[in-house]
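Step one of this worksheet: look at the structure below.
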Amino acid sequence: MAKIAINGFGRIGRSFFKAAYGMPDFGIVAINDLADEKTLKYLLKYDSVYGRYLKEPHGVQFLAEKDPAKLPWKKLGIDVVVESSGFFTTSEKAKVHLDAGAKRVVITAPATGDVVTALVGVNDDLFKKGHPLTCNASCTTNSVAPVLKVLLENFGIKKAAMTTVHGYTATQKLVDGPDSKDPRRGRAAALNIVPSTTGAAEAVIQSIPELAGKFQAESIRVPVITGSISVTTALVEKKTTREAVNDVFKKEVAKPRWAHVLKVTEDPIVVTDIVGEPYGAIVDTTLTQVLGGDLVKVFSWYDNEAGYTATLMEHVRRVAEGL
């Protein structure tokens, strides 16, 4: 059983805890967050999206250490730190966990520096190399990278673009207010459609180098508390049809490589139908389009919290297996 510590107990930190706690291959040993233990347990128990979580975090040590260099990872025998604070997304910052005694660090966001972007099903070979710092990129990256990988392997890709229609997040404002980086993000999130940016393009290229110079991405935030859909348009090399594209995805999801990552739906669903779904990408075959035999459009739903957590679970499992 791998000993796991969670640094940062926000939306993703708590979601990972709920998925991993009590699993036979994971032992959640410690949680580090600057909020007090009572508040963290309250937020764990009551969730406005997913409802109540009734398990008590027995045997878990709560810490409130601002400086990760002072964290007792060596003393606690921590194998993997799930770095979900959002603040330690460079190799220089994340390696402090290693210096404190952890064997591996998994960053739950796009990262820079000497960090390997490893996505389950997309570039699994990187897990075997035992890199101490890996990242699972973003929820949006995990919604589109599997789709692009399938298209690339089966049809070839000349170039592609993606727009994600994404539920609002804590980076936005509840009511109108100033935002020095992006004025649009300062507008009321629950009332507005907000054009935004995404780091998914860079992260996708890190995991699928063949798409360098061939892929771009953008984001549109909408008034939905969770649940998103990515629309991927690709100019493919091999002529195809809508039926052929859908058949390929139906066959692919049956392969072990895509377990907990890729799923197909043939029902006319809406966003509330995928809340809580444990998959990084749910391809909606009812929406697939092909124009002129080579312009392919694929829609992939994803719960940007629960779906991302499912891919994160598999990522951490692969990292732990390599110890």
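These residue numbers are counts, starting from 1, taken along the chain as shown.
Quick reminder: no glycine exception, Cβ is built from N, Cα and C everywhere.
Because the structure is a prediction, the values reported are computed rather than measured.
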Per TrEMBL, Arg11, Ile12, Asp33, Asn304 bind NAD(+); matching candidate in Thr108, Thr112, Thr117, Thr232: Thr108
From Arg184, Arg187, Arg221, the one annotated by TrEMBL with Ser138, Cys139, Thr140, Thr169, Thr198, Gly199 for D-glyceraldehyde 3-phosphate: Arg221
Surrounding CB atoms that lie within 10 Å of the CB of Thr169 (D-glyceraldehyde 3-phosphate binding site), all protein chains: 16
Separation of alpha carbons, Arg11 (NAD(+) binding site) and Cys139 (D-glyceraldehyde 3-phosphate binding site) (Å): 12
Where Arg221 (D-glyceraldehyde 3-phosphate binding site) sits in the secondary structure, as DSSP reduces it to three classes: strand
DSSP-assigned states of the domain 'Glyceraldehyde 3-phosphate dehydrogenase NAD(P) binding' (2-139) in counts, ordered helix, strand, coil: 42 helix, 31 strand, 65 coil
Neighbouring C-beta atoms (10 Å sphere around the C-beta of Ile12 (NAD(+) binding site)): 23
Maximum Cα-Cα separation (Å), residues Ser138, Cys139, Thr140, Thr169, Thr198, Gly199, Arg221 listed as binding D-glyceraldehyde 3-phosphate: 15
Number of Cβ atoms other than its own within 10 Å, given for Ser138 (D-glyceraldehyde 3-phosphate binding site): 22
